[in-house]
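Trainee: Annotations for this protein, taken from Swiss-Prot, read as follows:
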type     : residues : note
DOMAIN   : 58-111   : domain 'bHLH'
REGION   : 60-71    : region 'DNA-binding'
REGION   : 119-138  : region 'Disordered'
DOMAIN   : 152-222  : domain 'PAS 1'
REGION   : 219-257  : region 'Disordered'
COMPBIAS : 234-256  : compositional bias 'Low complexity'
DOMAIN   : 398-441  : domain 'PAC'
REGION   : 457-555  : region 'Disordered'
COMPBIAS : 484-493  : compositional bias 'Basic and acidic residues'
COMPBIAS : 529-549  : compositional bias 'Basic and acidic residues'
REGION   : 576-645  : region 'Disordered'
COMPBIAS : 601-622  : compositional bias 'Basic residues'
REGION   : 664-774  : region 'Disordered'
COMPBIAS : 680-690  : compositional bias 'Polar residues'
COMPBIAS : 700-710  : compositional bias 'Gly residues'
COMPBIAS : 760-771  : compositional bias 'Gly residues'
Amino acid sequence: MGRAGAAANGTPQNVQGITSYQQRITAQHPLPNQSECRKIYRYDGIYCESTYQNLQALRKEKSRDAARSRRGKENFEFYELAKLLPLPAAITSQLDKASIIRLTISYLKMRDFANQGDPPWNLRMEGPPPNTSVKGAQRRRSPSALAIEVFEAHLGSHILQSLDGFVFALNQEGKFLYISETVSIYLGLSQVELTGSSVFDYVHPGDHVEMAEQLGMKLPPGRGLLSQGTTEDAASSASSSSQSETPEPVETTSPSLLTTDNTLERSFFIRMKSTLTKRGVHIKSSGYKVIHITGRLRLRVPLSHGRTVPSQIMGLVVVAHALPPPTINEVRIDCHMFVTRVNMDLNIIYCENRISDYMDLTPVDIVGKRCYHFIHAEDVEGIRHSHLDLLNKGQCVTKYYRWMQKNGGYIWIQSSATIAINAKNANEKNIIWVNYLLSNPEYKDTPMDIAQLPHLPEKASESSETSDSESDSKDTSGITEDNENSKSDEKGNQSENSEDPEPDRKKSGSACDNDMNCNDDGHSSSNPDSRDSDDSFEHSDFEHPKAAEDGFGALGPMQIKVERYVESEADLRLQPCESLTSDSAKDSDSANEAGAQASSKHQKRKRRRKRQKGGSASRRRLSSASSPGLDAGLVEPPRLLSSPHSASVLKIKTEIAEPINFDNESSIWNYPPNREISRNESPYSMTKPPTSEHFPSPQGQGGSIGGGGALHVAIPDSVLTPPGADGTAGRKTQFSGTAPVPSDPLSPPLSASPRDKHPGGGAGSGGGGPGASNSLLYTGDLEALQRLQAGNVVLPLVHRVTGTLAATSTAAQRVYTTGTIRYAPAEVTLAMQGNLLPNAHAVNFVDVNSPGFGLDPKTPMEMLYHHVHRLNMSGPFGGAVSAASLTQMPGGNVFTTAEGLFSTLPFPVYSNGIHAAQTLERKED
């Protein structure tokens, strides 16, 4: 029963049955491991459930499915987020999650940077959605509007492609909020890699402090010192060392607050990592490129408008330009540029010849000088900072600066500098300084630097000196280099001593007289070589301002030189010339030698004329010299007596600063007197002021100091008769002296400058006393000029008589004579005391054919015409005419000869009549 029940229930009733039952169950459901089975003890027996492995597998499957689902959703969201980034799909599809998050954060910060900054960068493309209720036909836009929209959609990329660099924006922590994809062109780095990263990860450790300062931050203590203290070699490999750890900039006590005194503009140089650099190319750091950062700090929009609070800095927006590689063979040579090589102190050691194409400087002018010598004073500080950047980083680009010109003005220039090392000698370093011209010369001939001041007067005097040497090379053996050096020395000394001319004037008087006496004894008329050495301005003391005594003041860059034609070949010698002393009291000492030989007296006369020229003409060459005051009460018209032997053709030269072609083939020599003078057969220099003695017969003659750039007018001096010298005739001059009057009534007198002042000297034939100050009037322009010509003195171009002699007359002046009046323009004012001119005398007509007239019978007709054309007023030596007699002359000043060649031919002169002292004016021809 029990067996049957047991069998019917299927449960074993004994041990044997239980064992067989278990074996049968195991065969049907094999268990991999006994431990995986659980035995559950119950009151009715023991049984085994399904394996734990199956349950675990199901759980794992569900977990994997859930994780896969979550990852899919996450990836989908990241993918959707990446598509929102302003990046190409080819880039966003390959971004990892961290990059997507980093770029997203940077983009969000960038939008805040744009919208919250001052001024806000509102996107033009953003706006309310189009009004869909409006019909499509009404919403249709014009083709131009569509074109503008398409263009603006790609405007950013066009701008980036046009830039010779890349753009990036940093926040106040120094992280890249944005950087353009063009950074890969210049640094080889990826835009995705840099965006959201710290700028200090890519900046040279030596530039961390500067970068932090530009952002208004400071580095942790010791971090900047560590970077700055490294050597160049250590800094080159710092990216792989512990120093290259990204410094965490800490904000300052007032972190991003900018005072009103600070500027927002930024311009500096840093070195950034680059994968495009060649090994060994960069001098200061390998693996880095020098980047020029120019930008502006961006401020946050102030929240309170009622009060002024310091604005908070949000970051920095910059344009970065990678400097050209330091190898000079990779620099493109443009048309408006020139290259110089300088040493580490910016001392120029080489310059291209192309510099002369753009400015008035030559390589000779700048080689050996420092660049700072040619930089405008306001730009020196900027160049100094660029110099420091160059020494620290190896490359730099200067700001726009002004390069000073030689004769005034400047040119705007920008330079790119690179340190180059000699491959053969590593210790030999120099700088390749490439200059790019940005403008044409500005403010020409306007001195803006003290270095430009000496060149302006030298430019005017160089032309006259050059013409002097050219004339001497034709007429004489020439002027030595010592003479030229003495001229330049005198110019410098004169400019230095021009402020106090009186002491130097006294010195020059004694020194000149001593030299004159020495030359009288030591030189003979037969030694032209020895006289050549004296035919210059010998001492700088003679060049000091003395317009109050021996000239017309500062007379501009021109001078008149009077030459005499003679008839004898033996007279072709140059008389000794010296500078003119201003003290005529000492000149009168030589008047006691009236009975000396004619050659000796003529030498003295020429020396004094040279002094006259040296005293006044040299002052004209220096425009900086001011005209000293003049004691008008001591103005005296000088006169000189000469023998009839000296009657010859005067050659008056007007030197002009501007170069003029005066070749013999030039049309200007076709004028009759010039045509005669152009024959260099018998040149004779009358550049010395005449003495108080007789005119000697010319023994030694030579070429004048005058040059080719002069207007030559032949004036026979025998027709220039002297002014009367009675008791009321005129004032004493340095040329009057006490010499006896020669018997020849037609010996030409000398009327010196009306501004000459001499306390000593006797009267003329009329015996004027020392106190004689009676003034006579000129009858016109010609009379004044003739008397000055007769005195062989330098005379200015008379424009108008507008006032008394002013001590401050510094206007640029030109000079001319009656022969050059039709060529030289009137530009100066001759100020006479009380609008008076030197003494004049009534016309006393003479026979031009008489022996006393002093003319060679073979004189050309045109010479005689010009000779008589200037006669107009001079009377015999012995005749003394009062001032009242001038009123008897005809207003037209037409004259004829008494019995001569032109007895029936009237010749008008330049005068417009006689004017009273109150209304006398100079008329411009």
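Numbers here mean position along the shown chain, with the first residue as 1.
A Cβ is built for glycine as well, from the same backbone N, Cα and C atoms used for every other residue.
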Trainee: In the predicted model, what is the mean pLDDT computed over the domain 'PAC' (398-441)?
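Mentor: Overall, the domain 'PAC' (398-441) comes to a mean pLDDT of 87.
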Trainee: Please give the sequence-distant neighbours of the domain 'PAC' (398-441): residues at least 6 beyond its ends with Cβ less than 8 Å from one of its Cβ atoms.
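Mentor: Same-chain contacts beyond the ends: 267, 283-284, 323-324, 326, 328, 331, 334, 336-344, 346, 348-349, 358-361, 365, 371, 374-376, 378-379, 382-383, 386, 390-391, 447-449, 451-452, 455-456, 459.
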Trainee: State the non-local partners of the region 'DNA-binding' (60-71) in its own chain: residues 6+ outside its ends, Cβ under 8 Å from one of its Cβ atoms.
Mentor: none
Trainee: With DSSP as the reference, give the number of residues of the region 'DNA-binding' (60-71) in helix, strand and coil.
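Mentor: Summed by class, the stretch gives 12 helix, 0 strand, 0 coil.
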